[in-house]
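Over in Swiss-Prot, the protein carries these features:
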type     : residues                                            : note
ACT_SITE : 190                                                 : active site, proton acceptor
BINDING  : 12, 13, 14, 15, 16, 17, 18, 108, 115, 132, 133, 134 : NAD(+) binding site
BINDING  : 95, 101, 134, 165                                   : substrate binding site
């Protein structure tokens, strides 16, 4: 007997990331090869965007995915999020020429306040929300604060792209396979301030830090390369990273829903006060996932260099939070 279909809402569905994401969800890569899905796709109520969305839906139809039960197009979050089991909030206002970061925050605060309220009112009470649209941590915080009837733990931000970028750099440096590297952590904000930390990482039970044994590389090459990778891709491609972001979103939700099999993964989640991070801030931490729940890895030692890096990315998150405080009243 087949499982009941899961409803997956995706915002910004006709955008670059959406285009790289939807076909993989429909093929079963995110929720499992035996899990039927209904896609509820949201785009802005603009004729051009809605027309583009219709084209994407035509292509989804033309793939004849056995797991794809239904696809609907929406311009209103209140219909797009109806009974959603998973919500991928991909659409956000990008930073335009001459726009200050605070302008970006206030424009996105309006979008994510409205989407948080809609989730609060119409989504499944167990909805799993992943915010991909930047600034992802603060957008997730805004949505969470706008949805008081939903558990705060349902709201997460995507740090998995940073995690995967760090994995790939470490594999290249150490000559080891990506799949063999375990216990990598990325702390903080999804921004260049984030702190990729391989002090606990292992390869085949051996310490990766001891194997690499290069503090200067860690400080001067590894951390900045991971932090500025998005900008490097824009510089090379002329467009932001879409396929790798979509891939990270698939990884994040797949592990959250189906479990990480004991492996550490990075998720931006509401802080419980551990690691000196104020409660409620959406901050990247290591977690393991099982039975649809994530559990933070606790008790990791924070040395002086790491404390400095954790506080540096926290400072940015607190500034962002304070920048949107008045908009959340």
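Just so it is clear, glycine is given a Cβ too, placed from its N, Cα and C backbone atoms.
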Minimum Cα separation from residue 101 (substrate binding site), reported as the residue among recorded positions 12, 14, 18, 115, 190 that achieves it: 190
Integer Å distance between the CA atoms belonging to residue 165 (substrate binding site) and residue 14 (NAD(+) binding site): 25
Residue from 95, 134, 165, 190 whose C-alpha is spatially nearest that of residue 12 (NAD(+) binding site), among the recorded positions: 134
For residue 190 (active site, proton acceptor): intrachain residues, at least 6 apart, with Cβ closer than 8 Å: 134, 135, 136, 137, 157, 158, 159, 161, 162, 268, 284
Rounded Cα-Cα span from residue 95 (substrate binding site) to residue 18 (NAD(+) binding site), Å: 18
Which of 115, 134, all binding-site residues, has a Cβ with the fewest other Cβ atoms inside 10 Å: 134
CB contacts for residue 101 (substrate binding site) [other CB atoms within 10 A, all chains]: 14
